[in-house]
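For reference, TrEMBL has these:
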| type | residues | note |
| --- | --- | --- |
| DOMAIN | 714-934 | domain 'Histidine kinase' |
| DOMAIN | 956-1070 | domain 'Response regulatory' |
| DOMAIN | 1110-1204 | domain 'HPt' |
| MOD_RES | ASP1005 | 4-aspartylphosphate |
| MOD_RES | HIS1149 | phosphohistidine |
| SIGNAL | 1-16 | signal peptide |
| TRANSMEM | 532-554 | transmembrane segment |
Amino acid sequence: MIIVLAMILLTGQTVAATTEPITLTLSSKKHNFISKLPLSQEDLAWLADKRTMTIAVYGEENPPIAMNSNNGCYRGINADYLQLLKDALHVNLVLHYYDDETQALSALNNEEADLVLTSNNTSHQATTPFIISQLLFQAYPTLVTLNSNGMMPFYQLDKTVNVAVSQHYPSDTFIKSIFRHANIVSYSSNYQAMASVAKSENDYFIGDNIASNFLIARDFYQKLDIVKYWRSPLTGSYFIARENQSRLVEIINKFISALDASTHIRISHTWVDDGNLTFLTKPLSLTPKEKRWIEKNPVLRTLVNPYYAPFTVLDENREIRGLVGDILNLVQLQTGLHFQPVIAKSNSDMAEIMRKGDWDMVPTVTYSPEREDEMAFTQPFFSTPYVVVSRAENKQKDIFQAGSTVAIPAYYSLRDKLIQKYPDVHWIIVENTSTALSSLNLGKVDSVVTTQLAARYIIDHYYPETMSYQRIPNQPSAQIAFAVPRDKPELQSILNKALAEIPPKETLSLAGKWIKMPEVKIDTWDLYSRPFYILTVSAVLLILSSLLWGGYLLRAIRREKASQAALEYQLSLRQTLSNSIPVPVYITTPEGEIESYNRAFNAFFTPQQREAIHYSLFDRRSPLVHIFPVIQQEMQQGLAPDTVASHQFTLNNGAEDRTILHWMTLCPLPVPLPPVLICGWQDITESRKLMEALQVEKDKAIEASRAKSRFLARMSHEIRTPVSAIMGFLELLATGPQSEREAQESLQLAYATAQSLIGLIGDVLDMEKIESGNFELTPEWVDIEALTQATMANFAGLARQKNLQLTVSYQLNAGGILWLDPQAIKQVLANFLSNAIKFTVSGGVEIKVETQPRENDAAQLMLSVKDSGVGISEEEQQLLFKPFSQASCGKKQMGSGLGLTICKELMDRMHGTISVASHPGTGTTMSIYVQTQVSDRAPADLNNQEMALPVSSGLRVIIADDNPTNRLLLRRQLDILGYYVDDVEDGEQAFSLIKRRQYDLLITDLNMPGMDGLTLAQQVRKINPALVIWGLTANAQPDEKARCLASGMDLCLIKPVNLPQLAAAFNSITQRLENPTQTEISASLNTQLDTTVCNELIDMQALRANAMDDTAFMLELINQAYHENVKDLAALKKAMFSHDRDIVRYHLHRINGTAQLIGATSLHVLADKLENALASEQPLSLFGEDMQLLEQQLIALGKAMDNFLKREGLTSRE
């Protein structure tokens, strides 16, 4: 309804202007309104002034509530209540019909109608700008199903069922509370929903009781039945008015409150005969004591006999069904009591439970004054005559003939009277009517005394046309009532009041429903289990006795006819035993003649193959011809009796080859008969296949575990290497005296190594983010050509070092400014280039970048990397994108096996595709295809160059961190940047200083004792909303950043934070206050450096980070590296000449460390390769070519650095 009101408020006058209502004539039967309305003088004056009220109705017909005839008449329950309203208020009513609720409410909102009267299943809830009246009448949720499915459970928590509803009543939440796995299907009308159940398209229909009973009586008689009512959610018709019409709604509510129960009953009976539940309109008149009793005892332990059909039966959920189940449902609607079944399967069980006191009520008791000392009875809710049942062919006038045998249930109050009146009759006391009629059907008794309802139900369902019954004359009817313990008078009174409100006609209707209910299954196993076991034991004993007696007779006959008896005995034994075995069994002579076989043997072969099983085993036409030689071999080896020999064969059954486990055993026969072989087999085809499949999966799991172990070993090595280097440098600083230059060198090398370690950990975390679903793309406008060039430049030195030609071509038909995540594209391209250069020995690597236009300013990006390397086989291509997997050529190189897996995941998240085209020896082409948007504007600079460190602009900064080392480091970094800093060790101290002093920036750790960083940020925001707050954390997960921002922080920094990161962060809150001349000088120096050394030989981004963006320090590093490389090269050549392996390894390690420090990637790769090769203990003469290449690179790097230093006016100095 909220959606409808929103549409009304948005469209308003438009709907009113374009929709013309239809005027209807009120058509209703006359119902007298007796009560006098308690209207005030103001109410009467308002009505006199109003005179005519316009009421809007809408929507499809909802019989019997609202029906529109072809001649323009408005009929139904709503019409009857409108007629009463018209007569009671003495006003004229004008009915306008609208197509739907939206139009009707729009007319009401535009004052074209005074009231809207609902007619369908809507929630009784008012929403601005409207108010609503009380419900005109109450309708209850009702469960409907097929008449043949009447015993289906009315709640299901495990099974999936289909539930039909109309107009979304009741709510999905209510339905799911009953049928947890329900498939809810909504229809536009009750008729359509109920018709779907009648056609078995759905299992249940849930609607209101008024419409359900009306449609069942009119359209689905003897097809559908109601099986359950619920107390809530209530529905019904009500009036809707504008908020300014509160007086009108008050008058309507006074009219509704004045309607008595008899008026509701008269109106509902006009349309719905049974199941209208109007007796529920008036609440039970319970005393306060009775209400308190219900609150304390909401659940009653109800003692039921599940075999007392049709009064009490149980469904598969062990819920009480039958006539009593429906009566208890009506009592529950009135009182809210719930009835928990306590099952008594016999009269002795019921007596024992009652003796222990584990019960609250018995719902089916025949009233008798003799038992009032044992229990208290309620008013009878059903009366049925006593009858005597006999077989149809024995029907006679004298129902109790002398000498006849008559069965009567033990709990009938009539029993003692009949025994006394007819002493010549042989009376048999039975458990229940079902047992008695079963005995009558078997001829064990001549007649049965029972009630007419029970007799009619059981005869109609189980013994039609074979039994008949007649009433016992001069005997009162059986009065069926509830029984409760005598110490619970409140319960007796509550039940009496509830039963008194149920109309007798309703009870009779329920009884008729269960008499006609088909397929009510009663599980009587517990009744007959004991006799069955007794009979079974007796039969077994009889069989054993017969066998013993037969053995005795056989021995006697054997003396006279030994051969004939032995033959008959063997034949009977073979047939009985063999045909009961589910696997193929056959008997053959040692000569190969099949004497007999069982049914399973015959069924194993196809009809065409069965003709061949009659041949001898040695006959080539026999399907067992290849088994016979094995049988002969076992006989020759002395197969002993009671020994089973088994062999595996492949046997064709006429359709396919089956793997069997064939067994044989020798069976000696009495002399002079020769022994025979009992053989058979077990078909193990499926089990063998399953075992093979299991072995394959096991091998896969073991290989995956090994791959993961290899990955962890690689990661352990990769992490230990930089950690060992860092510890070594720090140990040198801590334990030995070093010059200032050496100390600076150690610090820089430790810093560079730590940066590489952070990068490695970041790569592993990227994989973890992708696998856990926490990786998020951050697209932006990207110049794809510039991004490609920047990525390719990082690999130019490595390609030159391997003498590979690295080229790129562009075909940007759709433009080059694309909406992409630059980091993801760069990561994929870098992985492709790294693999291509790694696995290419000669030739080159070619990059192709293409964009093709698509619709709506879209484009498709195709980026491929083609190499002339070793190539990959088709089998190994299937493993490329799996974690921890590598091709055979990749296993010879260092790597984790995660690179292409990450690329594949990135492409999946970008809704792109990744492909590989390769053959061994012809190279590999890796390609990606991504759909994206294209633009003609220039993006931001893609080089991601670090900002220069800002000069202090007078910002006042406070640091809060409980770790003194972290505080010292951050304070030193801010001192370098030139900021005024206060530092404290916890949140309380920081908050106290902020309240007393003025600060521009707060930098706080998240995890501190006492007041943590998040709490500190929240408290500071309350007193100083303008203060900039940064959070510091070592947790790089996305949810940690979200927590920071949610607490009021402006930025979340991930530890460790270096100077360039701090500088970039400070540039976001202050303007750079630098000397313009100095800025131009720095920019000039950086530009010259980029164009001479960096772009060709040195990674300037790493060098700047290591030099903390200090140009002077950068020049000092280059000068120092130049002189150290000269010394190391000279020492290296000397050591190579003298074949001193340790000295060679030492100077190679120094060159490698210097190359890492200044970002000389090509030199680092080559030195690292030589350093690893030296560990293999191969002769130094084998490394001559690589050493020459290393010398060339060192000389080229030295000349470039020397020229640069001279051009800057500096001399190479030590």
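Note: Cβ is positioned from N, Cα and C throughout, glycine not excepted.
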Rounded to the nearest Å - Cα separation of the residue listed as 'phosphohistidine' and ASP1005 (4-aspartylphosphate): 39
Beyond the flanks of the transmembrane segment (532-554) by 6 or more, those residues with Cβ under 8 Å of it: 565, 569
The domain 'HPt' (1110-1204): DSSP-derived helix, strand, coil residue counts: 85 helix, 0 strand, 10 coil
Other CB atoms, at most 10 A from the CB of HIS1149 (phosphohistidine): 15
DSSP-derived helix, strand and coil totals, residue by residue, for the domain 'Response regulatory' (956-1070): 53 helix, 25 strand, 37 coil
Under 8 Å by Cβ from the residue listed as '4-aspartylphosphate', counting only residues of that chain that are 6 or more apart: ALA960, ASP961, ASP962, ASN963, ASN966, GLY1013, GLY1031, LEU1032, THR1033
